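These notes are about the structure you will find just below.
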Amino acid sequence: MGLDLSAIIVLAISGGLTAVRAQLDVVGVLVLATVTGLGGGVLRDVFIGASPPAAFLDGRYLLAAVVAGSATFLLHPALERAEGYINVFDAFGLGLFTAAGAVKAVDHGLAVLPAILVGVVAGVGGGIMRDTLIDRVPLILRKDELYAIPASAGATIAVVGLTVVDAVGPSVVAAASVTIVWRLLAIWRGWTAPEPVRVRTAT
Amino acid sequence: MGLDLSAIIVLAISGGLTAVRAQLDVVGVLVLATVTGLGGGVLRDVFIGASPPAAFLDGRYLLAAVVAGSATFLLHPALERAEGYINVFDAFGLGLFTAAGAVKAVDHGLAVLPAILVGVVAGVGGGIMRDTLIDRVPLILRKDELYAIPASAGATIAVVGLTVVDAVGPSVVAAASVTIVWRLLAIWRGWTAPEPVRVRTAT
Amino acid sequence: MGLDLSAIIVLAISGGLTAVRAQLDVVGVLVLATVTGLGGGVLRDVFIGASPPAAFLDGRYLLAAVVAGSATFLLHPALERAEGYINVFDAFGLGLFTAAGAVKAVDHGLAVLPAILVGVVAGVGGGIMRDTLIDRVPLILRKDELYAIPASAGATIAVVGLTVVDAVGPSVVAAASVTIVWRLLAIWRGWTAPEPVRVRTAT
């Protein structure tokens, strides 16, 4: 619960800052904060059949997103100066949500491969919805960002750890750590993913 | 039921007119009419765990959307001349759907804050899907339109009314009235929502 | 099962090729392949209340989409030369998914009209998600493509066949055949759908 709430707050702040930069008004800031903070968890719950989604059962999740969004609206100049820290928090949000999502998927009886996908969706789904709403190609699809591969690695570690070793704690810690470190190194070192071979290079 | 059907018809007409203006063909008109008329209710039902969504259980909802979409395709010149009326009907659709959605959410046991969000989503969700499909930023996120604040006010009144006073009829009437009047005043007087403070204005 | 898997593979390849053409990296190719291959079935299951969606219960569906996406990433030059065949496979995917989706909707007790809609969504939903993600208007809404009408015809035949005659096999074969042949003729002969009457043409 504490981990979930922290991840929601961090993701909501990053969604709110995106809205401020896109010159949206207070509605836009709150909508993007909520969608970014809760979207991944809602998709996760629809995909594993947990109905209604946790974000609608427990009011604290939504409260956390709305408070974080309101704070971003009011305090955004200070938050923008802290953007280096936001990237770090954002990576933590990605890592925690991905690991927790994969664990919840295994708990609900999903097979290995679908559980990994659910973990990745939990981690990146809110950001995809945010970008779709403001009409830009999601970060996850852009070449200059490495999101999905660190998340896939973390989700795989969580699912394999749970399935093979049956140790929740160590699996979550290992999974989240790998995602977080890999994501931060990708930001700091400019790592990107491989592209398809282009044709017209002699055979 | 009668209220739901009226709201669906009005929203479907507004979706169909959007498609006509975007120069889409008959498929586009029917798709946007259906998505705009039923989208908010489907999201509402997924979020409260009412499965399958009402729009798929009772064929009359879809029939209403398709008939309204077909009428829009055939009669759109007359409907466009009546656009002033459409704005009024659209505000009624927003108010009715939002109030009814909030009531349904409370009936399904949601907490206060999530129930308010479900009401707002029921009211504005169809329009968000419509705008996303034709690749434009949703009206709800644009600065020159005031949708979400009237809807939030109405949903809050409905949920608080039900929770504190436990009176369905008066709560729905008060909630829908506030949303409708506020939305219409916003259109006629050009009201907008507050924006984030811009930096570089002396402190 | 065999039919479903074949349709998923074909749709995943077409999604992967779309990503290659949009100059995305390996993540983009896998994401679009998975979304295009599985999206329609996931929407179908959410709409009929089959929870969790089949794509998350049975790992083979996701495996098929990921393998097809990886093959597209590695072998896309050969696949692009075979694009004529891809169009044919794509039409088969549309026809099979639409017919199978309509049958599943009737099995879950949906009324006639909603069951037809679910069939169409099963057939075209993955493509809509793919196009929305890469920020372009979905093919189904574009005037130069005829997707939804062949799918609607097939879904109607499947639902009416099941409801009136109660014969699954012949209904599916007739439904899928009509969709596939109509879609292929539309591609080869450039058929399009009717547009709204434009105003300013003397009355």
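Cβ coordinates come from backbone N, Cα and C, glycine included.
Taken from TrEMBL, the feature domain 'Glycine transporter' applies to B:3-76, B:88-160. Residues or ranges marked as transmembrane segment in TrEMBL: B:61-79, B:86-106, B:112-134, B:146-165, B:171-191.
Within its own chain, the transmembrane segment (B:61-79) is flanked in space by residues 4-5, 8-10, 12-13, 15-17, 19-20, 26, 29-30, 32-34, 37-38, 41, 54-55, 86, which lie at least six positions past its ends and keep a Cβ under 8 Å from the stretch. In the predicted model, the domain 'Glycine transporter' (B:3-76) shows an average pLDDT of 92.
DSSP labels the residues of the domain 'Glycine transporter' (B:3-76) in these numbers: 64 helix, 0 strand, 10 coil. Look at the domain 'Glycine transporter' (B:88-160): DSSP puts its residues at 58 helix, 0 strand, 15 coil.
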